[in-house]
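These notes are about the structure you will find just below.
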Amino acid sequence: MRYLTAGETHGPQLTAIIEGFPSNVTIDADAVNFQLARRQKGHGRGRRMQIEKDTARFVGGVRHGKTTGAPIALVVDNNDWKNWTKIMGIEPVEEEEAKRRVNRPRPGHADLNGGLKYNQRDLRNILERSSARETTVRVAIGGVARELLKQFGITVAGQVLRIGDVEAQRADLPLDELIRITEESPVRVVDKDAEARMIAAIDAAKEDGDTLGGVVEVIVEGVPVGLGSHVQWDRKLDGRIAQAVLSIQAFKGVEFGIGFEAARLRGSKVHDEILYEDGSFSRATNRAGGFEGGMTTGAPIVVRGVMKPISTLYKPLQSVDIDTKEAFTAQVERSDTCAVPAASVIMENVIAWEVANAFLDKFGGDSLEEIRRNYEGYLQQVRDY
Ligand code: EPS
């Protein structure tokens with residue numbers, strides 16, 4: 001499977017085309033829209049989220065509630081577009097002020113590199129596409145992937161572990177409980193004490209015209225052993241998930257299981273001992289975060305991602321005017337103070353896509369029925385091993 005997205009943050013809509021999705025999978029549009037609504041929430045979001053009410057409009061590949069095997073096309077409208085029709089219109093405009101030109105690049109954003117690379121003297125042409133608004137449609141795509149995963153009992157959940165210097169106690173709960181509790185938290189944590197301190201830290205950063213990043217963890221349960229492959233670099237599923245996580249705007253790091261901690265410990269404290277009980281293999285621990293040799297072990301996938309603080313600062317950093325080359329402070333655009341809770345939802349959904357994709361690589365088939373036959377045959381093979 002593959003997908004492409006198109007669209008600008010203040011353009012009319014975001015568009016996605018998903019190619020290779022199997023037929024006969026029930027698509028619950030409410031479930032996809034629930035993912036979109038989750039992404040809009042979280043303490044620290046800016047005014048834009050009051051304008052938008054993201055919903056996925058399916059415009060291809062789904063009929064009477066089920067996929068047909070044709071490319072799935074979906075659209076999420078930008079409500080804010082009505083305020084930008086001239087600024088973002090495709091028709092040429094003469095008046096300079098109607099362009100809302102950006103000429104003072106924000107340190108940390110794609111503005112300057114993109115302007116130099118694409119030879120754009122209006123940095124709006126870069127920021128409009130590099131904006132994290134694009135994650136809306138990737139969450140919708142992840143929502144579609146989840147519709148396939150749920151047919152096979154695979155569940156994806158997330159929790160925020162850090163915002164700025166506030167660390168939350170990591171919750172090791174059954175996923176349904178983790179989902180229920182984090183869903184009610186404005187910062188998607190289980191640890192109530194940390195929740196209050198995170199909210200205070202976000203409010204303080206906002207007061208100072210500053211921003212905050214953090215750490216997010218995603219867990220995937222119900223994956224069979226053997227998704228991904230050791231035989232070729234680009235078939236390693238942990239590598240693909242890492243790429244997907246780092247492709248989320250503002251993400252700078254990723255780790256699996258005990259992650260960077262493994263550098264400090266001896267091998268005996270890092271690897272997961274193999275057991276055989278009640279007719280199947282299992283592990284005493286899951287420090288590997290569900291992967292060995294780029295393949296799933298059958299244990300839950302545990303991934304953490306690091307998000308840097310958003311680069312649009314209301315108290316802007318030093319920059320240079322691209323016209324005069326004189327020192328200036330960076331341009332201020334409306335933005336969020338902290339989008340780590342939203343990023344948790346985004347990370348869940350980009351990982352859901354990668355797992356669904358690896359699932360199809362392994363059990364491939366054009367219809368759900370064909371995939372199910374392959375899946376059940378494989379499970380029998382594993383049981384008989
Ligand atoms: C973003 C800047 C802000 C955020 C946006 C990401 O957009 P605006 O300038 O329109 O307020 O609100 O995020 C979203 C629109 C969203 O849906 O998450 C940026 O520069 O990345």
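Every residue gets a Cβ built from N, Cα and C, even glycine.
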Of the candidates ARG146, ARG264, ARG266, ARG334, which does TrEMBL annotate as part of the FMN site that also includes ARG129, SER130, SER131, GLN249, ALA250, GLY293, LYS308, PRO309, ILE310, SER311, THR312?
ARG334
Would you mind ranking the binding-site residues ARG39, ARG45, ARG129, LYS308 by how many other Cβ atoms sit within 10 Å of each Cβ and giving me the lowest?
LYS308
Find, for the listed binding-site residues ALA250, ILE310, the residue with the lowest Cβ contact count at a 10 Å cut-off, counting only other Cβ atoms.
ALA250
Three-state secondary structure, ARG129 (FMN binding site) (per DSSP):
helix
Taking only the binding-site residues ARG39, SER131, LYS308, ILE310, which have a CB closer than 6 angstroms to any atom that belongs to ligand 1?
SER131
Between ILE310 (FMN binding site) and ARG45 (NADP(+) binding site), the C-alpha gap once rounded to whole angstrom:
11
Which chain-mates of THR312 (FMN binding site) that are at least 6 residues away have a CB under 8 A from its CB, listed by sequence?
ARG106, HIS109, THR211, VAL332, GLU333, ARG334, SER335
